Amino acid sequence: MDGVFLRVLFVVVLTAWASGDDGEVTFVSELSSKPAQKLSKYSWYGNVRLQRFYIPEETAIARWLFSVTKSQNFYCGQHNVTIHIRWGSPPVVNPIGAVFPNATLWSPSLLLTLPVTTQSSSFNLSNPAPGYWFVAAHLPEDDGRIQQKGFPSCSYLFQPQLSIRREVDTPVLQQNTYLTQTAAPNRPARLKLYVPQFASSLSVTVAECLSAETTESGKCLLVLKLGSASLQQEPVTVNCTGTSCSAALSNPPWDTWVRVLVESDQVNRTVTFSIISNYTVGCKPPSVGFEADNDFNQLHNYSSSTNSTVMGNSSSAAESPPLKSPLVESACVWSIPVLYEEADVLSLRFTPANGPNVSVTNTHATLLTYPLHTQATGGTLNLQLTLNTTNITIGNSSVVACFSPWAPVLELNHSQACRTALFEGYSVAVNTSVPKDVLRLPFPTSATWYLTMQLICNSSDCGNTSLVSVVPEVSVSGCVEDCGTYGECRLLRSYTYLYSACVCKAGWNGWGCTDGSTAQSYGRQLTATLLLTLSNLFFLPAIAVAIKCWYITEASVYIFTMFFSTFYHACDQPGVAVMCIMDYDALQYCDFLGSTCSIWVTILCMARIKDIFKYTLFMLGALLIAMSMQLDRKGLWNLLGPVLCALMFMIIAWTYRGVRRRHCYPPSWRRWAFHLIPGILCALIGVCLYIFAETEDNYYYTHSLWHILVATCVVFLLPPMEKEREACGWSRGWNLSWTWKWRPRVCGYTLCESSSKDELYTVT
């Protein structure tokens with residue numbers, strides 16, 4: 001199930017006289033709802049909230065209801081929620097206007113803008129295309145401000161809902177069979193017809209049009225529509241003004257149902273008419289036979305040749321076997337079987353079963369079929385066409401290819417557009433000057449894709465070269481070119497649907513992180529790395545002060561923090577000035593753990609409690625902090641909790657000493673004026689910078705100032721060395737002039753020595 005959703009089915013028989021709908025068709029209503037999701041400002045596709053809805057066949061109307069609610073009561077400013085709707089695959093969004101990579105084509109989606117003050121908006125679509133529809137929503141472009149986790153912020157919840165009305169007994173228009181129907185202004189005639197595979201043309205004819213309010217013929221105003229609305233493509237529409245009219249489709253979609261809608265334009269008149277359909281299957285390839293053993297033999301031979309090529313037994317991929325014409329005289333297209341290999345999530349590879357080289361002629365088209373299911377639409381569909389020029393000279397001729405969904409273009413030439421009856425295709429061409437052409441389609445439509453290739457000659461005769469070899473490579477990958485040098489391809493999930501997108505770094509943008517208009521220079525990257533790493537050296541004075549005051553444990557924690565903070569920020573940089581001494585996650589964990597433990601031990605050291613209690617709290621706090629960091633590393637309470645607990649211990653200890661001594665603690669005004677107040681100010685300024693001032697642009701120097709201020713406040717806040725140490729633990733009596741004394745122990749008791757003479761006591 002795609003998340004938690006509700007589906008309610010209402011079956012209502014609606015008559016023409018009661019509700020104005022078609023009395024010959026029964027409608028059912030279906031409702032579906034998705035749970036509310038928190039919206040984010042857009043910086044990359046991971047900020048988009050993606051939802052998927054399924055619209056079944058024969059849906060007459062679909063209505064989306066989009067609701068936006070604010071989760072806080074305080075003023076959050078005016079924002080617009082951008083909503084994208086696309087059929088067949090997730091919408092490709094580009095709100096920041098970034099440049100797409102070379103040879104990357106994409107289809108725009110329907111764009112809706114919803115102000116947050118309106119709270120809800122609806123969108124209606126008549127005769128929607130069946131299948132999965134994707135809804136994506138996001139807030140405006142991110143301003144770069146770093147929001148610390150746990151602090152209150154403006155948040156908006158987005159919830160889409162879908163209501164559809166579906167036909168359950170739509171009349172089927174059979175081949176070459178007349179069907180009598182009626183249509184009124186508010187009651188169109190709805191039909192459907194099936195188009196088989198290898199159909200090259202389709203025609204639908206309306207005849208014998210007669211209005212029920214008059215006996216005159218020839219004044220029927222009808223609108224004939226073929227196909228469904230997919231937002232990218234509209235149905236084929238023909239306006240009929242006489243007693244008959246027809247709509248013809250060249251290269252109709254294969255192996256699918258086509259919707260037929262006849263509407264009346266006459267006011268308050270019901271029109272009766274006859275309708276008939278006819279399709280032509282004139283380009284069917286020869287049969288391969290019933291036995292399937294030969295397919296496995298071809299697959300085995302191809303695998304053997306591929307292995308030998310990998311092992312170096314084949315000198316070159318261009319050394320292909322002699323070209324042979326695969327066509328028989330009665331065939332108009334050569335259909336090549338394609339091997340489908342699923343390597344990983346969003347990683348598919350399609351390979352011709354007879355080998356990578358495919359023969360292409362100038363007399364007939366070569367056809368390859370690539371089925372693309374819904375789970376593969378979250379990646380990028382790649383096509384690379386390479387011309388094999390070994391021992392072949394084609395002169396000014398070229399191989400033209402058309403890559404189209406749902407149906408192929410069976411006749412190719414330079415003047416004809418790469419387009420089928422209802423869907424756009426993508427043109428690719430190679431020749432001796434440009435022997436390789438590449439096409440990338442992010443988030444391709446879920447359909448069967450067809451690649452049609454043909455040799456096109458500039459003159460009427462191709463001469464001696466009427467058969468060439470090309471290598472079509474079709475695959476599905478997660479991202480375009482794996483996001484390049486300045487990007488990372490990440491796998492995203494919306495309930496059960498998986499998709500991928502690039503997250504760019506160092507100022508690079510775009511779908512493949514190839515837009516360098518705002519890219520950071522190498523000098524800026526190096527400066528950011530040096531500032532963030534070398535600023536940790538300000539912990540050296542704090543370490544020196546801790547060692548001088550014999551706070552060895554505290555000094556060890558500061559050394560740990562300085563080391564891992566330095567190398568974490570060296571590994572965390574977005575550009576090429578990066579150095580990682582271990583796994584990034586381990587460095588981040590140690591940095592966060594060391595930072596929190598440093599604050600914990602510093603405040604406890606300021607409390608001046610007994611060593612046995614202090615070191616017990618050191619260990620217990622470190623264990624609890626390590627556990628909380630594993631649960632939620634960036635949570636607010638992971639830092640705030642230890643700070644509040646340590647402050648509580650310090651306040652209790654200072655209050656106890658002040659009450660017992662009847663004097664403010666610490667008692668020296670110099671301690672307050674030259675140590676505590678400057679240290680507290682450094683800490684407050686650093687916290688304000690960390691929480692309120694950091695953005696992605698100024699991060700490298702504001703966070704460096706945070707390092708400096710935190711290390712400086714430790715120097716001020718560490719208490720001086722105690723004059724009288726408790727006689728407990730390893731710290732007692734340590735100085736550089738100590739002498740070793742040994743006292744014998746008898747049965748666990750230490751024999752005492754006295755400077756005076758020994759005294760003997762008798763116990764009775």
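Glycine residues also receive a Cβ, built from the backbone N, Cα and C atoms like all the rest.
Features as listed in TrEMBL:
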DOMAIN    502-513  domain 'EGF-like'
SIGNAL    1-20  signal peptide
TRANSMEM  530-552  transmembrane segment
TRANSMEM  612-631  transmembrane segment
TRANSMEM  637-656  transmembrane segment
TRANSMEM  672-693  transmembrane segment
TRANSMEM  699-718  transmembrane segment
Feature contact check the transmembrane segment (672-693) with the transmembrane segment (530-552), CB under 8 Å, 3 or more pairs: no
Confidence summary (mean pLDDT) of the domain 'EGF-like' (502-513): 91
The domain 'EGF-like' (502-513), counted residue by residue under DSSP: helix, strand, coil: 0 helix, 4 strand, 8 coil
